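Everything below concerns the one structure shown next.
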Amino acid sequence: MAKYLYLDQDECMACESCVELCPEAFRMSSAGEYAEVIDPNTTAECVEDAISTCPVECIEWREE
């Protein structure tokens, strides 16, 4: 099974830590209300750092 990067936008508190740590994989929404995954199939090495530092734990890998 393949895995993909998931971010729960309803839980996101828009702290921007994932965007700062891993701009290859995350960006802020146009309104700045939450972060977004740029590419769910990313292989960026910084993703694990973003997952572990998210204060509301809303980023995870999911199985397809």
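Each residue, glycine too, has its Cβ placed from N, Cα and C.
Annotation source Swiss-Prot lists [4Fe-4S] cluster binding site at C12, C15, C18, C54. Taking the Cβ of C15 ([4Fe-4S] cluster binding site) as reference, residues of its chain lying under 8 Å away and at least six apart in sequence are, in sequence order, P55.
Annotation source Swiss-Prot lists domain '4Fe-4S ferredoxin-type 1' at 3-31, citing sequence analysis. Note on the domain '4Fe-4S ferredoxin-type 1' (3-31): DSSP counts are 5 helix, 8 strand, 16 coil.
Sequence-distant contacts of the domain '4Fe-4S ferredoxin-type 2' (34-64) (same chain, at least 6 residues past either end, Cβ-Cβ under 8 Å): 1-9, 11-19, 21-22, 24-28. What Swiss-Prot lists as domain '4Fe-4S ferredoxin-type 2' is 34-64.
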Which residues, sitting 6 or more apart from C54 ([4Fe-4S] cluster binding site) on the same chain, put a CB under 8 Å from its CB? S17, C18
Note: among binding-site residues C12, C18, least Cβ-dense neighbourhood at 10 Å is C12
Going by DSSP assignments with H, G and I as helix and E and B as strand, what are the residue counts for the domain '4Fe-4S ferredoxin-type 2' (34-64)? 7 helix, 8 strand, 16 coil
